[in-house]
Structure formats: structure tokens, C-alpha cells
Amino acid sequence: MERGGFGGAGRHDEEAPAMRPAPQQRYRTVESHDRAVVQMAPMEFGSSADASASAGPRYIKPGTNLRTDARMHMASSNGRSSNGSQGDSKLELFGFDSLVNILGLKRMVGEQAQASASTRDGENAGIAIGHPKETETKLDTMMGVFVPCLQNILGIIYYIRFTWIVGMGGVWQSLVLVAFCGSCTFLTTISLSAIATNGAMKGGGPYYLIGRALGPEVGVSIGLCFFLGNAVAGAMYVLGAVETFLDAVPSAEFFQESVTVVTNTFVNGTAAGNATTISTPNLHDLQVYGIIVTILLCFIVFGGVKIINKVAPAFLIPVLFSILCIYIGVFIAPRPNASKWITGLSITTLKDNWSSDYQRTNNAGVPDPNGSIYWDFNALLGLYFPAVTGIMAGSNRSASLKDTQRSIPIGTLHATISTTMMYLLSVFLFGALSTREGLLTDRLLCAAVAWPSPAVVYAGIILSTLGAALQSLTGAPRLLAAIANDDILPVLNYFKAYEGSEPHVATLFTSFICISCVIIGNLDVITPTITMFFLLCYAGVNLSCFLLDLLDAPSWRPRWKLHHWSLSLIGALLCIVIMFMISWTFTVVSLALASLIYYYVSLKGKAGDWGDGFKSAYFQLALRSLRSMGANQVHPKNWYPIPLIFCRPWGKLPEDVPCHPKLADFANCMKKKGRGMSIFVSIIDGDYHESAEDAKTACRQLSAYIDYRRCEGVAEIIVAPSTSIGFRSIVQTMGLGNLKPNIVVMRYPEIWRRENLTQIPSTFVSIINDCITANKAVVIVKGLDEWPNEYQRQYGTIDLYWIVRDGGLMLLLSQLLLTKESFESCKIQVFCIAEEDTEAEELKADVKKFLYDLRMQADVIVVTVKSWEADPDRSGGSKKDDPEVYRSAQSRIRTYISQLKEAAERERRPLMEGGKQVVVDEQKVEKFLYTMLKLNATILRHSRMAVVVLVSLPPPPLNHLAYCYMEYMDLLVENIPRILIVRGYRRDVVTLFT
């Protein structure tokens, strides 16, 4: 018998097991760039401690080449044991090389990073290796999170569209709008803070958080949508800056501006005045200047984080100054030469603007009864929401932050609260400042009211939008590079970036998307698309926090304590509701795009286990289901076969084949429509400490083989002194509760007599007895080499030789075979064995009634024992019907028994086999041989053309020779090409009742 019978790990019993050296403990390789690495001088045997102390530590210079291969580890270990170099260490018992210090913590972190299931739990190992990490300036909370968030939030919408929103929706609905969107971003910020403070965070921002919480498929799909949202948002900001510039400097236009004449501007349902002329920049001017500005911003982004950090204050300070100038102008209005619409802060104006005035507008946003666009609250929601979508700007740069767990919550929350308060205050101020006509027709009302000059606001608008565009063009490439570095989608490999380097290829791709959207040139067409992508990302962050908070796994310990799963759930629902309120069409399109990416990642993506929340949910669901099943017996209606597939207990297969190729096909035949679980087990003979690594390697190989054969199951490899002992451990301990395997499946040992493997009978009988004792059913397959696959359709009959009560297992197996394409054209025949002829008709009627009640269609044939006495029909000319077969079996058994008796007499001990005392009853041996011979002849007579034969397995007689039992089984199965020998257990698996 092979050692373990498992590919690559087995050997023949004739070979003496080679003694292996004791495994040496391995330690982390000391890197040459580790600073302050101390090499303790080895203390020679017999030397004093003082001498060792005088020698002192030797400091290794960085860059010294250190050999750390296995031979060096073995030598160092031997040196410790022989020379006692660590003999005086207080922690020698724990097996550490040196005392616990900060270097030990570095090793712990390094080992966790290497042991992660993904190639990069945030970093791509294949990229980082061989490329020294560049020194990168780390950012604090102010410059790394607060400033980017503020720049993204205070964008074009506030300056150009916010006064118009107040005029269209009225003061009270504008307050509801701002509070509604602010609640969504606030709850998302709470969820973001909780997840970001639950451990170290790598590059990728929200993608990293969602991917590690909801899995790589969801993370990549939402991450790519969020990347597109950032790239398109950059185009929106660029267009806003260009539009403002052309309004402020009309002489810079290359093409003639578009002029819109509105005959009657309707305000509060009445015409407000005469014809109004509205001038808007030409589309081609927007395209030309937009492309130029995008290219200039890309040059800044190519300069890296250092240049961006230097440029960012230059963009933000004028923005804050311009907002201050707007507030000053509001409080001192109206000034001389002010517009006729500006009334100054007035309660009367506030009352007039309190209610909404939704109406039709033209493409320029001017009220027009013949306009093509009708506005309502939902439409305003889609227009305004991009003004609050900058809360992820700081987390997008998580790889560049000094302390992500402190900076992201504080910076993002302060930016969210401050801007929301500013928006709420602005609603009151603008509503009390100007008439509704001015709010709806003057797009740059903020500039008109600003002190001391509109030029301040023009500069603020341009710089704010350029700053927001710069942040978008900075965060989007890093997000795409983080997705590519995770190595989930091979198609994104072009966008990978080395650790510490700039994602130049991703920046070029982002610029291409941004320029493509700039060419569209319509700001109101771009904003709904951005809104959907950002809301999808926010919903993903909230769902991630909801799942992690609800499951409350031991690893869920966020430093940010102000969170609850109900808040995250409300935030996620708010995001979904806002998406459908804005536009169900855009919502369906965005969800369809995310679903397509999810499907593509699941098909083409590389598998990665990031410990996501779904795995924890599956685990807790499995525990709940297991507890709900209890320890009671499973009702026959709920009984599922859980086969324990015993791989390669005997038989020689190629070393690279972990189990018989057809075992997986047979396991699939035992499950209806793939429902159920199979457990593939194998045993490696030997000592556990010596063969543990071999078992792990074999288990991985077997798992891969199961997946290759498309069989739903798990693999288990154990190490035991022998196959019998190993199987006994498996049959007692495998499984949990009612999810324990209930059927043991193995091949019939057809080679035992051919190769004279005399130890197989004892193992075979031991396995069957263990199954009977453990109340497990047994299915032994002969003819596995000829078992059909799913493409080989069979025609004929499935014959059952029902001899003993087995709980209906044989009947159920035959019905399961019929559910497979290979056997669906077959018919079932049930052969019942009767003792007397008088019982035949009664037995046939009972079996037919029983099968009818079981909803099973089968032909019933009764065979009596007396018919065995007649000479068999020899028309087939089979050699099995010749008495020579019977005499050969008798001769082999007599020879074997005589050898056992001679050994017992020679050693003066009782008759023993396999270490157990046995009793030889030659009359029973003759009787059992004859029974098997006649049963085999009956099977050949009636089922010679059967596709599969199922027959009851006789239990091994107590204190009987295993060799004799093996001879009985050989007589039973000989010349039958494909047979299943089935032993049921003391439990019904079929029921008559509904």
C-alpha cells in the first residue's frame, strides 16, 4: 500500500521510511535596510558572561549582504544547541532569537503582510519587490484631508447655481434640500470614519474600504464607478472655471457668443417684464479653453504630491476670501449702481422668496414658458448634490497621510459640517437679498453683490473650480492605480504604480476621460452622471459599515466610537432614495454598469480573500443554521446525502493525480441538481510532526483538483500511523452537529489479489466495521474507470438487488442517478430476494405499493432462494458459472487458513489475523461462498446488460477472517462491470408522506 495513497506524498510499504531530521525553526530574514540591527556575538561554550559582555554587540551596517538561507538557519540552530550561544537567555524556552524589542514588532507586521491571502492587502508584492520605496512627504489632517475636501465641496455649484436653486425652490425647500443632502453626507462621513479607524489603511480610499468590507467584486465595481465619477467631476469643474472666465472676460472668446432672447420671464406665475437677452459662451470656446486648462492641470498633477501641496493653498485662500467678500457684500447691500433686483437683506424679500416657484426654463436656466426643461424638487436635487460630493477627497489620498485613523475622521467631518452650515446660512442670506427674478436670471448674482468688486468673486470662482478639478485629477488616478495594484483585473495591469511613485499612466487615462467630457460642453448634462457615481460609492461605504457593525466580528474595533449600524443603514437608504429621486433612468444605468463590472470581475478576476464582511456574514449564518438544526435526527424529507469520499485508500494512480478522476463525477451523481456537500479525505501514513507540511501541500492539491472537476466539496488530509487508525479518527470526528457526513464512498480494492496485497482485507473490513459502528452508510464502487461523465448518455436499466432493509438508501440513490443527464434515459428494476416461493407474489405486491407511495417508477421482479439450486443458464458461456471459480476460492481460503494455523502453532498463540483473535468455522465459510456465488450468477443472469447494478453490502461477520470476507466480495462482484455495493444505516432516508 502506498504511503498515504496521495499524489506525491506516498510510497510503497516495502520501502523503509527514511528518518528525517528534526524540523528547524525558521525566523524572519533580516533585511539589509533594517536600521539598528544588532547581531549578538555568540558565546562560546564554557566562556563567562563577563567575556560575552565585554565583547558587546556588533552593529551591522545597512547594505551588508546577509545569508539567510535554510542552511544558515540550521547551522545557527545547531550552534545554539551545541555552543549555548543563547543559553543564558531568560526567554530561551519560547524559542526567540533575541529579547522582545521593536524589531520583533516589525517582524510581526511583516509576517502578517506576507501571510495575507491577497498578493497585496493594499499593496502589490510583485510591484514593491526590487524597487526601493521612495521617500514621500506625508500629509497631516489640514493639508491631507480638510483642504482637499473643502476645495472639492466649495466648487462651481455654489457660485453659479446656488442662487438660482434658491430662486426656483424657494427658501424653505432649499433648506430642506441642503439638510437632506447634508444628512446623507454626514451619515456617510460617520460610516467612513468608523471603517477608516478600524486598522491600517492603504491607498485607494473608499475603494479600499468597500473592497475589504464587501469583497473584491463589489469593491472593484463600485471603485471603478467612483473613479469615473471623479474623472467626470474634473470635467465639470473645468467647464465651470472656463464659463466663468469667459463671462468675466468676453474679449477672450474666439467664437461668437450664444444669445438667448426670452420674451417673458415668468415669476410667481406672472410676466416679470419685457424681453430679456441672455448671453452664454459659445460651445467651441468652452471646448478649446477646457482642453487647454485640463492639460495644464495634468502637468501640475504629474509633478507629484509635493507640487500639489504647494499649489493647493494658492487655490484655496482666494476662495475663502471671495466667500468672505460675498458675505460682506450681502450685509452692506444695496450699494450704489447695484442691480435693480438686489434689495438688501429684507424680511419682505425673504417672505416673497419663501415658497417655491417651479417652472419651465430654457437650456440657459432662464424661466421660459416655452422652455424644454421643467424643474421640480427632484431635478434640483440632482443639480445641487454635486456641491456636497467632496467628502472622499481626503480618503482618496490615504496612502499619503501620516495618520489615516486620525486625519480622515477629523478632517472629513469638519469639512462636511462647516460647508453644510455655510450652505444653510447662504439660503437665508440669498433668499433675503434679491427678488426671485434676480435669483433666476442673474447667474452670477454672487459676483454682482460681492465687495469690493465682482472681480474678486470671478477670481474665487475660477480658482475654486480649478482647485476642485486639481483634487479630482489627483485622486482619480490614485484610485485607479490602487485598483490595478490589487491585481484583481488583469486588464488594469497597465495602470499599476510602484509604491511611492506617481501613477502617470492612470493620470493620462483620467485626463483622456476628462477631456472627452469637456468636449460635451454642457454642465447640466454632466452633473447627474457624477451624482449617480458618487451616491453609489456613498451607499457602498454605508453598507460596508452597516455590515461590519451588525456582524460585530472580533476584528471590528474602530477607534471612532460615534457610530451605529442603524445610522449606516439610514445613510445607505438615503443614498438609494436620492438616486431614484434624481433620475430613475440614470440610476438604472449606473446600477447596470456596476453590475456588469461585478459580473466581469467575478468571471475574469483573480480570486482574493481579503477577510470581507460577507465571509463573516456567511460564517454567522452557518452558525445560526447549525444551531437551529439542533442535535436531533434529520427528518427523511430534509435528508441530504453528505458523502465522505475516501480518496485512494488503495490502488496505484499516477503520482500527480490526488484521487481517482471519476470519484468527483460519482460524487456529483449523489447530489440532486448540485445541492449538497462532499468531503474528500485522504490519509498520509506517518508521524504528524514530520508529515504536517506534506499534508498541507496534499490538501491544497486535492482542493484544486476538486475545483477543476467542478465538484462542490471540501478537502481534508490527515496524518495517522495507519489507514485504519486514520479512518477511525475521521469517521468519529468529521463534521459538526447534523452536518456530519452520512455516507462513506470508496473504491472497491480490485487489485488486492492481483498484486497479493494481503493487508488490504484487514483494512477493508476495519473501515466497514467502523462505518457500521458510527452509523454511517457505505457505498463501494466497482468499475469506477468505466463510470460515465456528464456527456456520455446511458441507455438501459438500473438494477437494484434489494436484500435487506436499508432505510430506502438504494432506492434514493437510483432516483438521484436518474436526475443526471447521463442516466435520465434509464429505467429502474427492483429485484427482491424471497426465502420461499409462497412469499414471492405477496412480496411483489407490497414492494409495488411501497414504490407507488414513494412516487418512484420501477419494475419489480422477485427472485427466490430456491431458484439458486437450479443449474444456471449457460447460454452466455460465462466462465463465472463454472464450478472451478468456487473451487479456486475454496483452495485459496484453505491455504490461507493453514498458514495462519501453522504460524499460531509455531508461536504458541491463538489463531489471529491483523492483531485480532479470530474463529474459523469452515462450514460457514462454505455457506457464505456458495451464497455469494449464486447471487453473482443471479445478477449475471438478469442484469448482464444493466447500466448500473446496486446490491446490498453484507456486514463482516463477527470474529471472522477478513481474508475470507474479501473472497466473498470478490465472488459477488466478479464479471460485473459497474456495481454499487450499498449498506444503509438505522435511519430512513425516504418517506411516504408529503
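The backbone N, Cα and C atoms fix where each Cβ goes, glycine too.
Per Swiss-Prot, THR197 and GLU437 occupy opposite sides of the membrane [differing topological domain names]. Looking up ASN370, ASN396, ASN936 in Swiss-Prot shows the N-linked glycosylation site annotation sitting on ASN370. As annotated in Swiss-Prot, N-linked glycosylation site applies, among ASN337, ASN756, to ASN337. Checked against Swiss-Prot, the residues ASN353, ASN542 yield a single entry marked N-linked glycosylation site: ASN353. In summary, the transmembrane segment (530-552) does not lie against the transmembrane segment (140-160): fewer than three C-beta pairs, each 6 or more positions apart in sequence, are under 8 Å.
If you measure from the Cα atom of ASN353 (N-linked glycosylation site) to that of ASN370 (N-linked glycosylation site), you get 23 Å. Among the listed glycosylation sites, namely ASN337, ASN353, ASN370, the Cβ with the most fellow Cβ atoms inside 10 Å is that of ASN353.
Between the alpha carbons (Cα) of ASN370 (N-linked glycosylation site) and ASN337 (N-linked glycosylation site) lies a span of roughly 33 Å. Sequence-distant neighbours of the transmembrane segment (312-332) (same chain, 6+ residues past either end, Cβ-Cβ under 8 Å): 143, 147-148, 150-151, 154, 345, 422, 429-430, 433, 446, 449-452, 456-457, 459-461, 463-464, 466-467, 470-471. Simply put, out of 175-195, 288-308, 373-393, 449-469, 373-393 has the most Cβ pairs sitting under 8 Å from the transmembrane segment (140-160). The transmembrane segment (222-242) makes contact with the transmembrane segment (288-308), as judged by at least three Cβ pairs under 8 Å among residues 6 or more apart in sequence. Helix first, then strand, then coil: DSSP counts for the topological domain 'Extracellular' (161-174) stand at 14 helix, 0 strand, 0 coil.
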